[in-house]
Amino acid sequence: MPQDLKQPEASYRKLGAKMVVGLPFKEIATTDTIYMAELPPASDKEARRALTRLQDAGVFTIVPAEVLRQNPLQHAVALMPLAEVAAAHRDGSVQLPEGAGRLVVRVDGTETDEDLACLKEVDAVMVLLNIAEGTSRVHAGRRVFEHLHRQHNDIPVIHHRVFPAGTERSQLAITAGTEVGALLVDGLGDGALIECPGEDLEFLRLMTFGMLQGSRMRNTKTDYVSCPSCGRTLFSLQEVTDQIRERTGHLPGVAIAIMGCIVNGPGEMADADFGYVGGAPGKIDLYVGKEVVRRGIPMVTATDELIELIKQHGRWVEPPTEENEADHEQQQLEEAGARA
């Protein structure tokens, strides 16, 4: 991450921030927090300014406490291992490094129940669950969550999965999905931090948000549900899905099902808000939830009618245009000026 700060505007965009005259602003698909294992020196004014601008935009910076003790950063969030936090708590109090305003506790799944119990007594904003090497992430993770449940401790837990530099992207997605996703789909955890030195920030952000959306935890884009296609499919699923995605991809929180036929389609799309289902050759049925509301629509107009249906149910917003983007930028600049 420190090297990314040499090109701050590119880094802001990779983190999902909206840019307004060179300043980052947080949106629904912006990273909430960045983790920095090391910090640029205080003499690197440009990199420090980039970090400050991210903090001003509402993006928190987590830094290991031992790094902050050597190289302080104002308003940083200090990361300390639970063993150290528990020992300091038993000795009287936990001392944060200079400039740090909040505490995050690192848990690796090997801690004693006594140390885990300290999580309820210290003033930490969250737990980073980074399971120790050689330990089953799923099993050790479940043990930690079971302990928190017994203690009635609702502290947020973020899954931290570290991959070695050079890990192939397919392996990143598969391993993160099976290890972290297996817990998230059961409601165990509040977010994910995927770390892979040298990997593109935007790829890591999009992969992580995709995992959260697949776990029904956070929607940052339109959700699409599609059948696997078979001999009964009445249209090209890939082509039609691409057409619908192009016109509706800006609706986070909306789920659209695209099903090739009416045999299994209505059952497979039960969780969708709206459905586009092949009813006969060249004809489409439209659904709201599980209920068919329009039958036998010609395919040539079906996408337009789907959009009209979304509008009628109050789920549509207009895609960004140059005009409303300019208005939004002006509003954000005024808000930034008010904060200053």
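The backbone N, Cα and C atoms fix where each Cβ goes, glycine too.
Just so you know, TrEMBL annotations never went through curation; they're auto-generated.
Features as listed in TrEMBL:
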type	residues	note
DOMAIN	224-311	domain 'IspG C-terminal'
REGION	318-340	region 'Disordered'
COMPBIAS	327-340	compositional bias 'Basic and acidic residues'
- [ ] List the helix, strand and coil residue totals of the domain 'IspG C-terminal' (224-311) as derived from DSSP.
- [x] 29 helix, 29 strand, 30 coil
Open item on the list: Averaging the per-residue pLDDT over the domain 'IspG C-terminal' (224-311), what integer do you get?
Closed with: 91
